[in-house]
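Enquirer: Quick one: the structure is below, and I'll ask about it shortly.
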Amino acid sequence: MSSILDAPPIAAEEKPPWKTLSKHIKTGDGDAALELLREVPPSELLYVLGRLRDKKLTALWQLLIPIDLEFAADLLQLLPDVLAANLIEQLPTETAATLLSRVDSDEQVDFLATMDSERSAEVIEAMGSSEAADIKRYLSYPHDTAGGLMVSEILTFSAKTSVSSVVDFFRKHHDQFDEYVTRYLFAVDEHDRFVGVVKSRTLLTASPSDTMAQLAVSDFSVVSPDVSVDELESLFDGVDHMAVPVVADDGTLLGAVKRSAVFEVLQERDVASLMRFGGIVGGEELRTMPLRVRTFRRLMFLLPSIGLSYIAVSVITIYEPIIEKATVLAVFLPMVANLCGAAGNQAVAVSIRELTLGLIDGRDLLRVWGQEFFLALFNGVAIASVLAAVVFCTRGDTGGLPLVIGAAYTLSSVVAVGLGSGLPLLMNRLGIDPAMLSSPVLTTLTDMTSFFLVLSLAAAILDFT
């Protein structure tokens, strides 16, 4: 069977490949669809598939699976977890189980964990009993732990096995280990307890009669299945291993965690935080997802924002007589509010980052405020000076308007930075996702503060007689 990595460079076509692919799917021509996908360079495959809606993606896999199951499984692993999980849910149970059986064990767990729990259970039950038992065991671990990230595709040998036997084994079965961790060989005793690690290149210089036990590095870094992804990151930062074995409390070798898997999860976590910070409920959205799901997730963020915006604007209604007498204030109100919001969002971003790294928690509120106060004050004065100069150059003195805008911004920015640095800590302490709510709450509070300070200072300083 061919691999998606064997595709030659694609020749220029009159039609974009996704349009031709869509046509093949519509006509049910699986052979033509497969031939086209083999011609697409690996770097372009995900882009081509991303142009198809979820129903066409499902139809494509239903065409590919009977023709080339290995290719269909390789292709599935290119998709983001949410798309792959949605696709598997739409397939008939037996077909889904067959497809998943050819997928790497860590990807199996990722896809099944993302699926609806009932549908996931149905697919697992349709798989072979041994494979299903392994998957259930992996799913019992949190996704961001060594147990949830480990792979079972590792090369394990008895500690008594000789080098010559291992080499003979590789010669006979070398074509079966494309997806395995082959840099390391894992030596175990008769009870499958971990003995040590043998680097593959060690076999090149070892005597044929040497045993795995003699070559094994017994003090190689190992982890338990409940070790967190942050601890794994620290471990990999301190060693040059490409994978580390996962060992149970009784010494049984369970699998191995690859360095690439750890940093992939960390990247996914950062992206999810960014999406939530941008107002995407659930921290995940792709334009190939169903319209109702995307609509619901966005409305869940936007609808509460109506109330928050109204609260902020209500401050202006209190000072309507002031605005009527000095309409020029309406020009600078949004400018001050926008600049204060930007300063506050900078502080939010730093606090969320430090929370993610574990450098601070809810107990550090006063310390964080102390570190931010003078920074906010210095930056506030600097920006306020520029704003006051802009007001003076464009509007003249206007009875003290430059002073009003400059002073209002300085005070508002200090408040905005204090709120921005503190809100994530307070929300974290209350068990609320700081990335999801910090931005809209901060926007409301900074708008209220800036509107209030500009208008109240104008009422106190400007001459309206």
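Glycine is no exception: its Cβ is also placed from the backbone N, Cα and C atoms.
Take a look at what TrEMBL says about it:
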- 150-215: domain 'CBS' (DOMAIN)
- 216-273: domain 'CBS' (DOMAIN)
- 299-319: transmembrane segment (TRANSMEM)
- 331-352: transmembrane segment (TRANSMEM)
- 373-392: transmembrane segment (TRANSMEM)
- 404-427: transmembrane segment (TRANSMEM)
- 439-462: transmembrane segment (TRANSMEM)
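Neighbours and distances for these, please.
Expert: Across the domain 'CBS' (150-215), mean pLDDT in this model comes to 89.
Each residue in the domain 'CBS' (216-273) gets a DSSP state, and the totals come to 25 helix, 15 strand, 18 coil.
Residues 273, 277, 316, 360, 368, 372, 376, 379-380, 383, 387, 391, 405, 408-409, 412-413, 415-425, 434-435, 438-439, 442-443, 446-447, 449-451, 454-455 of the same chain lie 6 or more positions beyond the ends of the transmembrane segment (331-352) yet place their CB under 8 Å from a CB of it.
Remote same-chain partners of the transmembrane segment (373-392), defined as residues 6 or more beyond its termini with a Cβ less than 8 Å from a stretch Cβ, comprise 332, 335-336, 339, 343, 347, 398, 401-403, 405-407, 409-414, 416-418.
Outside the transmembrane segment (404-427), and at least 6 residues removed from its termini, the chain residues within Cβ reach (under 8 Å) are 332, 336-337, 339-341, 343-348, 350-352, 355, 360-362, 364-365, 368-369, 372-373, 375-377, 379-381, 383-385, 387-388, 391, 433-435, 437-438, 441-442, 445-446, 449-450, 453-454, 457-458, 461-462.
Sequence-distant contacts of the transmembrane segment (439-462), counting only residues of its own chain at least 6 positions beyond either end whose CB sits under 8 Å from a CB of the stretch, comprise 277-279, 301, 304-305, 308-309, 311-313, 315-316, 318-319, 322-323, 326, 329, 332-333, 336-337, 340-341, 344-345, 348, 398-401, 403-405, 407-409, 411-412, 415-416, 419-420, 423.
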Enquirer: Let's see if you can do this one: DSSP helix, strand and coil counts over the domain 'CBS' (150-215), in that order.
Expert: 22 helix, 23 strand, 21 coil
